[in-house]
Amino acid sequence: MAVVYYLLLAGLIACSHALAAGTPALGDDRGRPWPASLAALALDGKLRTDSNATAAASTDFGNITSALPAAVLYPSSTGDLVALLSAANSTPGWPYTIAFRGRGHSLMGQAFAPGGVVVNMASLGDAAAPPRINVSADGRYVDAGGEQVWIDVLRASLARGVAPRSWNDYLYLTVGGTLSNAGISGQAFRHGPQISNVLEMDVITGHGEMVTCSKQLNADLFDAVLGGLGQFGVITRARIAVEPAPARARWVRFVYTDFAAFSADQERLTAPRPGGGGASFGPMSYVEGSVFVNQSLATDLANTGFFTDADVARIVALAGERNATTVYSIEATLNYDNATAAAAAVDQELASVLGTLSYVEGFAFQRDVAYAAFLDRVHGEEVALNKLGLWRVPHPWLNMFVPRSRIADFDRGVFKGILQGTDIVGPLIVYPLNKSMWDDGMSAATPSEDVFYAVSLLFSSVAPNDLARLQEQNRRILRFCDLAGIQYKTYLARHTDRSDWVRHFGAAKWNRFVEMKNKYDPKRLLSPGQDIFN
């Protein structure tokens, strides 16, 4: 969850207008002539080379690195994408790599195309009428353009009484972007990541061919693209499984000062039921967890937007009484419909769940909210941070999958070790996932154990010159894991060394990844910002 430059010689403005009109331009600022086939493309959209367009495509949410492209394509149809990629394949010596930018939410330039062509996918949705989101007549799935954002998929689905089963925490990401990574949130323990909930896709490969794929049709492309980091093609349509949408969510948080109790309860809430065939779970619809380091405990508790001032004061006092350097909180929901009887049943079911947990007595908190409001909860934080000028700051995030057998070691070494005594701005999230709900044939890489933890250290650099400290802190965390022999997998990361990518995927999956690259993007055109093949 989708989960992102130019120049000219003399006559920049005139050449830019010429390209937009589809007539030949002189070339780029490196002295490379525009291929005749590019200059002659009959595009419905616009290919822009002006500084406004290229500068906007040279940065991302991470706000750590930047790279100017040579041009930005604003497509008006999927035909524009086919035309661009077909020209790239048919032109000898084509010098431009191609990246597909959704909402620019990559962290380290993964959606950049330095000196190449960035495709602004949002333009595809802007040009579409009606919008490229359609719920099936039987309510079994929703078809969504790869450029569509999940908040719009939610709204269109709710209008028909249904909703996708698996989400991201933040809904203003594109369908194609998150499916190119995995797409995880607190529903993934029971439904798998978003990539496990895709029924069919339309993909334009690196050859410029539009291919419909599924588990039954062109299955190798289907599996490769899901979690494939944009290396094999661009998703222009995804068919996503949906379910009847609940109306409300009972939103609860339980507080712990003991990591063993915290993690055991998380696993209890997310474990498949015995005899359920691996697909039957307890009543909770969503389960995540948060870690609060004592140095910034009060601020971070308040920043959740969940706890009242009185709640924060009580939790801070609890930490003091127990001399706790870290506090943990399970966050969960139990979804239900609007009927009074359903609300009463939720009360009863929640009481039953509470009786099985080992949180600190008296430290269970709950709220009742609309289902859509819960799913869109992070957007309110975005609005608030934007007003304070704290949203568009560097985000040196570190996202990992840690095997269950080593999560206690991670807690001791990182939460109770490296992060102690540091200033932390941003949430620390940790929750278990079931490997059985992932399809290992897809490109996404996960640890080998049956249960592993998603760990998201979502740091923001808000103090002057703090970015370098946070980046070094991330390196210390990774060094600790390496030295401790923790077989983690990074998520949403960019490696710059081929051996790191081989380690990330594992030998067998890496060999398959290379095979699919050779088949579907042999010229190594796509998504150069991932630094896998470029």
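Cβ coordinates are placed from backbone N, Cα and C, and glycine is handled just like the others.
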Look at the trans-zeatin binding annotation in Swiss-Prot, where E381, S456 are given, and name the residue from D169, D202, D220 listed for that site too. D169
From I64, I235, I240, I424, grab the residue that Swiss-Prot records in the same FAD site as F100, G102, R103, G104, S106, Q110, D169, T174, S180, I184, Y491, S527, Q530. I235
Sparsest-packed of the listed recorded positions (N338, S527) - C-beta count within 10 angstroms: N338
Distance check, please: Cα of D169 (FAD binding site) against Cα of H105 (pros-8alpha-FAD histidine), rounded to an integer number of angstrom. 13
R103 (FAD binding site) falls, by DSSP collapsed to helix, strand or coil, into coil
Give me the non-local Cβ neighbours of N294 (N-linked glycosylation site): same chain, 6+ apart in sequence, Cβ-Cβ under 8 Å, ordered along the sequence. A319, A324, T325, T326, V327, Q420
Determine the most Cβ-crowded residue among the recorded positions R103, H105, using a 10 Å radius around each Cβ and all protein chains in the structure. H105
One finds that other Cβ atoms within 10 Å of the Cβ of N434 (N-linked glycosylation site) number exactly 20
So for S106 (FAD binding site), how many other CB atoms are inside 10 Å of its CB? 27
